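Scroll down for the structure; my scribbles are underneath it.
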Amino acid sequence: MLSPLIQSTLLMTLGLGTLVTFSSTSWILAWIGLEINTIAIIPLMAKTHHPRSIEATTKYFIAQSAGSATLLITACLTAWYSGNWAISPSNDPIILNAMTLALMLKLGMAPMHFWLPEVMVGLDFITGMILATWQKLAPITLLIQIAQDQNNMFILIPALLSVFVGGWGGLNQTQTRKILAYSSIAHMGWITSMAPFNPTITWLTTLIYCLITSATFINLHILKANKITALTMNKHNQISQMLLLLLLLSLGGLPPLTGFINKLLASIELANQNLIIYLFMMMMGSLLSLFFYTRMCYLSIILSPPCSTTNLILWRVVSNKPMTLITMLSTNLFIMTPQLLAVFTLH
């Protein structure tokens, strides 16, 4: 295990890498920020000294190295042709497509998604939460910047494929971390489908996704539910189980929970672009994800053993105000949608 000082240093380094990518105006600085992120999370992933953790760390390093190498080569070619390192799409469609694929690989989108479930299953919930949320911010920032000049179909087709792969892949899983990995793949499909049309809404949906996913990971960490069968055996933390029910339904995008904001905004944006058939296919794919969310809810609540006495229930639990706040935001933010849109579209 890592000492608290080293762990805090690594977490601050993670934040530094993302901020470097956010504030960079050149490809070389953006690439350095991505590399700082990768180097900082590797010790966090391997801290348990378990063979599965080491295997997951190795797979993650190989996948990220391939994406970073491709991104650096395409950035060098762009600088060679344009004469500067400024973050701008390349005029060569082959270079632009390779750059987009490299960022999709780092995001874990289909068809470059194979590393994500295998890596996620070897991590603990907190490190998995960082991988599924914070590590997505820097690549999606770069993807949004080049998506405006990219061929729309080159982004929309992987986005649609991610929704179907995320839903289909999670159907036969029993590991909760693998289910959340496929959930992340499906959500990345919805988020990136808006990147060519509306960067502001793309950022809003990304932050909402990070909020709900973080709350779900923390809740499963509290319940120690590594497998979905463990959800039926938890007798003493029924409040967390009830909160998990709401969080899973919010991840599925059911109204009036917070997760419905992402589906609603994406549907409105795609409909405005006259992509009705594409939107219908995205909705059909999201039903697959909703099925395994509902199955987890069924196991968590319906199949839980009855408690005939209140002595088994920990009513006097330690106050956890941050967890309470993040859970409330993850489930009750839908009524604030007009205000969120007003804030994010403010120029």
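A Cβ is built for glycine as well, from the same backbone N, Cα and C atoms used for every other residue.
Among the features that Swiss-Prot reports, transmembrane segment is placed at 2-22, 26-46, 60-80, 93-113, 114-134, 151-171, 179-199, 203-223, 242-262, 274-294, 297-319, 324-344.
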Check: What parts of the chain pack near the transmembrane segment (151-171), using Cβ distances under 8 Å and only residues at least 6 beyond its ends?
Finding: 93, 97, 100, 104, 109-111, 113, 117, 178-179, 182-190, 192-193, 195-196, 275, 278, 281-282, 285-289, 291-292
Note to self: If I count Cβ-Cβ pairs under 8 A between the transmembrane segment (203-223) and each of 26-46, 114-134, 274-294, which range comes out on top?
What the structure shows: 114-134
Checklist line | Contact check, the transmembrane segment (242-262) vs the transmembrane segment (324-344), 3+ Cβ pairs under 8 Å, seq sep 6+ | finding: yes
Note to self: Can you see whether the transmembrane segment (179-199) and the transmembrane segment (324-344) are touching - at least 3 CB pairs under 8 angstroms, only pairs 6 or more apart in sequence?
What the structure shows: no
Next item on the list: Answer with yes or no whether the transmembrane segment (324-344) touches the transmembrane segment (93-113) by the criterion of at least three Cβ pairs under 8 A, sequence separation 6 or more.
Entry: no
